[in-house]
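Summarising the annotation, TrEMBL assigns coiled coil to 325-377. Taken from TrEMBL, the feature compositional bias 'Polar residues' applies to 1-13. According to TrEMBL, the compositional bias 'Basic and acidic residues' annotation covers 18-46. The domain 'PPIase FKBP-type' annotation in TrEMBL covers 97-187. If you look up TrEMBL, you'll see 1-71 marked as region 'Disordered'. Positions annotated as transmembrane segment by TrEMBL: 387-407.
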Amino acid sequence: MDPEKSSNSSFEDLSNESDIKAASENMIKKEKEAISEETNIKDNEGTMKLSDIADSDSDSGAPASVGDEEPCDILGNGQLVKRVLKKSKLKRRPMRGELVTVNFTGTLVDGTVVEKEDLLQIHVGDFEVVQGLDMIIPLMIVGEVAEVKVDSRFAYGSLGLKNDDNPELSIPPEATLIYEVHLMDAVFEDFADLKSYDVRKKYGTRKKERANFWYNRSEYSRAIQLYRRALEYLDDRDGDPDAKFDKEDIELTNMELQSLLDDRLIVYNNLAMAQIKISAFDAALQSVEHVLRCQPGNSKALYRKGRILDGKGDTKGAISLLQKAATLEADNRAIQQDLAKLIIKARREDHNEKEMYQKMLGQAKKLEQKSKQAQKQQIVESSKLKLLGYLMGSILIGVAGVAIYRYKY
């Protein structure tokens, strides 16, 4: 199994840089064609500049009606279509990883509003919104308003999205969504912007919660990526809890350090579980060791390490760890059940091993018996030959005696 993609994924990961770049080039080409047409209009009329067209669209106060711009088929298959509703006077496009602020409303094809966010801050490409929007935002200009038609393949897939507060607004499986997106702002953050404890805590927590969202949908690949992103904010020391802060690192109080450490260990535990789900046992073992290095008695980490060892074929090692976890959490039924399964598995393995040894010993005995029988057969054959030799010798001696007697007498 691919360690970076779940087999039951309802999404397809096309949001990497090369795909966005290709889509961006396609869209920019179409925009240039549109600009060329507007330039021809300017040359013919001689009264209005292209910048005036953009200014009038941006400053009119009323949004442009749908249909003022031709829709742009980003992927060329109708599954991700963008149409500009309101142009921007700016030229800045957000880059992957930048912090953007967006307003958006998502509706079903029948117009039912199922999603709405105001002044939502996300990092582009971090799976903090549906994949279709993650791919579209880098193709927008700051200040632009666009309508985006997103096929279920790049939205909520075959699972849909339940709305526990209002079930009528749940997103059904295989639903196409139509978003109206307003890109409010895009900011490049350097190290100076991340020196605040509050910012690091906020970003790390947000990434962790979104990773939990993907994990609960069995989208383990996306969950793993977001857990790793959370660690970048909660720990800038390459995930090594024992490393020392560099000179450029922020100075934190003991309470703040403890808070980040607690969050970091939770993320490592969750990351290990997601990695176990895709059978990436070596990576999961590294993740869980970070937790046990700081908290040797962490029952969840012990439980996860036990599952990892079981996955790697070390049943006895797994039993030992699950017994420790069961001691720490005596009421945890999941640990007790898995421990019981492992004990049964170990007994079965011991039984199978004994049977194998017995078969091996049985075969050895059979070979030994065959060898003895062959030796006995050789002895019998040798005895027969000797007896035959004696008989033949006796007969020859008798014949010779008779011949001598007749010759003399």
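In case you wondered, yes, glycine gets a Cβ from its N, Cα and C as well.
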Contact set, same chain, for the transmembrane segment (387-407): CB under 8 Å, 6 or more residues outside the stretch: none
Integer mean pLDDT for the domain 'PPIase FKBP-type' (97-187): 95
Three-state composition of the domain 'PPIase FKBP-type' (97-187), taking helix and strand from DSSP: 15 helix, 39 strand, 37 coil
